[in-house]
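First the structure, in the form of structure tokens, and then the observations on it.
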Amino acid sequence: MLDMSVPAVAKLRRLLDNLPREALPDILTSIIRTTNQEKLQILDAVRLEERFKMTIPLLVRQIEGLKLLQKTRKSKQDDDKRVVAIRPNRRISHGSITEDEEEEEDHDDVVMLEKKIRTSSMSEQALKVCLKEIKRLKKMPQSMPEYALTRNYLELMVELPWNKSTKDRLEIRAARIVLDNDHYAMEKLKKRVLEYLAVRQLKNNLKGPILCFVGPPGVGKTSVGRSIAKTLGREFHRIALGGVCDQSDIRGHRRTYVGSMPGRIINGLKTVGVNNPVFLLDEVDKLAKSLQGDPAAALLEVLDPEQNHSFTDHYLNVAFDLSQVLFIATANTTATIPPALLDRMEVIQVPGYTQEEKIEIAHRHLIPKQLELHGLTPQQIQIPQVTTLGIITRYTREAGVRALDRKLGAICRAVAVKVAEGQHKEAKPDRAEVGEGEDCKEHVTEDAKPESISDTADLALPPEMPILIDFHALKDILGPPMYDMEVSERLNQPGVAIGLAWTPLGGEIMFVEASRMDGEGQLTLTGQLGDVMKESAHLAISWLRSNAKRYQLTNASGSFDLLDNTDIHLHFPAGAVTKDGPSAGVTIVTCLASLFSGRLVCSDVAMTGEITLRGLVLPVGGIKDKVLAAHRAGLKRIILPQRNEKDLEEIAAHVRQELTFVLAACLDEVLNAAFDGGFAVKASLEHLNSKL
């Protein structure tokens, strides 16, 4: 029963043959499978005859088990042979199969793949590489791991849209209508898309532009990319780049690695199936860098019109033409985009919306969308424009419309509860018709207590349709207003001024507060300020000290040396938010001038601008976002650097009409505009009166 082909087994057989017969029961019992009890019984047997009688049944049992095991293995091998013998789709001719036909059947799928490669419209270089790989594939056994890798590579090469494209829809009027229906405002973006369409009509082989939409969150940068694809009649593909830290995500992995795959660009082209889609590179400003490389550097070839006609992915290892792809990148700020990458893109600023634009967007797009999501109809709920304005001014303070969309969703959920309760009550046949006959709309309460609902469930009438959302209903649903503090309440004492700041989330108003106390002439700055803003504060106090006599500014003891036995504390509220930049210079000067003169800054004035030690006001950036932030806060007068006058053209006409702009070239003009009746004039008159 032993397999003599194994050397160790053959040696064991020879040892057993050389053993004396009387030792066989002990030796075999220790080799075969027996229990400890059976072994002890054989050891207890003293006579040799008893040992043989007790060992033979154990040997017979072991032999029967081995025979059964051999029989099972043999039947399994026969089954495997039978399965291998049954080959599907065998072509039998005259009852026999030739070796050529069998070989052709084994390589049928490879032949089909080669046919697809030859009939595809790939470039000459790619065709040469594929034919070389198909030759290697034919000589390679299927059991090799490289067989599957090579076949996957060839299938990807066949699926790529080398010469397949969609035809652009080049009707300017129709494109304008589509853009206007999908998005309100955004005139700059619409103008750029229509310009591309117009040039495309005149020249067919125009390279795709590389645009970069920069603006705060929630203004529609991503959705406008989808609308551009719809306008052009092209396929759309979005690539999220936020947090990407590996250059292989862009350029793919080399095929020598296990689990290698093409980059997101090539994979996106395979997904859309055409070579001229609209690619949206979302959040390009949030790319990261790691040990695996810099993906922003990998994008340089992709987004360069002079290079992307021969983009080489590491997985493909052949050039692919990306010149017909329309790339659109989105970002919240250009500060974190590498300069080399930013230089390759056409930056289009997408500022925040005005209050009027938000109202139009809400009633054209957001409210119909929320009604559809919550199963409501305009016959069940009405939200007047006055109510929408109340939501915008009292419950949201943002550049985009995402928070507004969430607030409208909360209102729709509350109305859905009332509508569902009303339908439930109407279903009761014996409901008492009770009511006070008031001709007013019902207010909706989102967070009403269950006890009050259950107590009045049998007496309350179903809500009148449509349910009108007014200010009382807003307070019931959304709670008390979040932004109800008047700006004038913050400016009721000297030493407070309003500045304008730019953030990636849009413009913001920023209060600057100052106080003085007896001390040793120290300047204290609080509010998580950056180095540039701290330097602006030192510049401001130095300029005021050098011009104290001119403006008759004195400390508590009447001295023109403002820091003589006096400490100054400057604070920028919202201390948890980091602040930096030079644009708060004029605000700090105005705040300190108010503190030392004892005069109040006008409550409707906001300002921005960088200062110099000689009192000049230099231009700053983000003017449109800052102006919109002041407009949202209800301010009426804005002091800007004179060299920023050109930026006012980007602001909507109705916003410019509601605001008064003061363009200042020096700090004298800033102070005259910030105080009622001027500042320098009054100081000079007071100085003359004191002399008389």
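For all residues, glycine too, the Cβ spot is worked out from N, Cα and C.
TrEMBL does not curate its annotations; it predicts them automatically.
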* Asked: From 102-128, 426-452, which range did TrEMBL mark with region 'Disordered'?
  -> 426-452
* **Surrounding CB atoms that lie within 10 Å of the CB of PRO217 (ATP binding site), all protein chains** => 17
* Across all chains shown, how many C-beta atoms besides its own are within 10 angstroms of the C-beta of PRO216 (ATP binding site)? -> 23
* **Extra residues within 8 Å (Cβ to Cβ centroid of GLY215, PRO216, PRO217, GLY218, VAL219, GLY220, LYS221, THR222), ATP** => PHE213, THR330, ASN332, VAL350, ALA399, GLY400
* Within 10 Å of each Cβ, count the other Cβ atoms, then let me know which of the recorded positions THR222, SER583 comes out lowest. => THR222
* Among GLY215, GLY218, GLY220 [binding-site residues], residue with fewest other Cβ within 10 Å -> GLY218
* Measure from the CA atom of SER583 (active site) to the CA atom of PRO216 (ATP binding site) and give the result in Å, rounded to a whole number. => 19
